[in-house]
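Asker: What follows is a structure written as structure tokens; I'll ask about it next.
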């Protein structure tokens, strides 16, 4: 009896530990796919649409061709967020888990296809953006010939159409079937794989070879190599600019005092390049785990891979990282783009609620500004003359100093007046 008890107790402990781990993984998957994904989906869609609106407003006044990449990428990522909500978040919030039966599954063939389309389009747009930045920094003469606005617009349209065409076979991989019990009136819709999905030749060519070459493995390797090369080029540009304007030389003093247009434009280009490299690097980090999971799934086999709870958790984490990447580009634009911040401030101030919030934020700097109410004639004149920003007050102070110096000079040159 003693040996049997001793043998049964470790087994019971392992079973309890395994059950606790499975329940924890299920809870974490529900949290990732449900509440966190829904939060970042809604905030990301709002911020992405705001970013597109700002980019389109800037386009009217003349814009660099790089913004066509950013607008197209933002639109693709916004569509990806919407598909992630329909495919993962909404079923978890409504039913508590992903559903495979019921009326809702009629959406799955379309959402599944478009989710893969948006991911493919995002990968290819980021890849073309990376190549553009590589040519701009490492081969500027070739970039001047290629990177024209009209060609960039055509390239974005062509890449988007190619992403749609490449993802069309996904629509024929799943379909809705009716499961009936005893009578035809008691049927329920269910999602199931088609014969095309189970075809070994199709799986090898499309999912293994083409997907790894055009979507997952090879694009990630190219993005990593080009991003590393761009980072090296940026560091060399920083070192070259510092050598041209050394801290103790007269050139540096001249640069700081005169604020030449060439010096300022080089700084702006450098910041914009850093912003774009951050967008590329953020996308690369979020896409590494899905690529690794895709490779492991091909090596182990799909049926064995999907039976593992830990593998399912890694899939949920990879999907959440993609959602997080698609919803956070606005903050990169806002932190590193000075023109984007200025345009964002103008866009917010153009609405009544945004103007109220902005005036409340500026209340401590200017007591003449009236909150959310029409100003009087005197208040309007004062606001126009002196403004509500620090620059306007500095301008007023400088004008007063100039007037006082002029009076002192005139009194010195004309002593008979005193």
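Glycine too: its Cβ is placed from the backbone N, Cα and C atoms.
TrEMBL annotations: computationally assigned, not manually curated.
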Asker: Examine the ranges 152-172, 173-193 and name the one recorded by TrEMBL as transmembrane segment.
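Answerer: Spelled out, TrEMBL records transmembrane segment over residues 152-172, not the other listed ranges.
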Asker: Which one of these stretches, 241-264, 313-336, shows up in TrEMBL as transmembrane segment?
Answerer: 313-336
Asker: Counting only pairs 6 or more apart in sequence, are there at least 3 Cβ pairs under 8 Å between the transmembrane segment (205-232) and the transmembrane segment (110-131)?
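Answerer: In this chain the transmembrane segment (205-232) contacts the transmembrane segment (110-131) - 3 or more Cβ pairs sit under 8 Å.
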Asker: State the mean pLDDT for the domain 'G-protein coupled receptors family 1 profile' (47-333).
Answerer: 83
Asker: If contact means at least 3 Cβ pairs within less than 8 Å, sequence distance 6 or more, would you call the transmembrane segment (274-293) and the transmembrane segment (38-56) in contact?
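Answerer: Between the transmembrane segment (274-293) and the transmembrane segment (38-56), contact is absent.
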Asker: Looking only at residues six or more beyond either end of the transmembrane segment (12-32), which have a C-beta under 8 A from one in the stretch?
Answerer: 92, 96-97, 309-310, 312-313, 316-317, 319-320
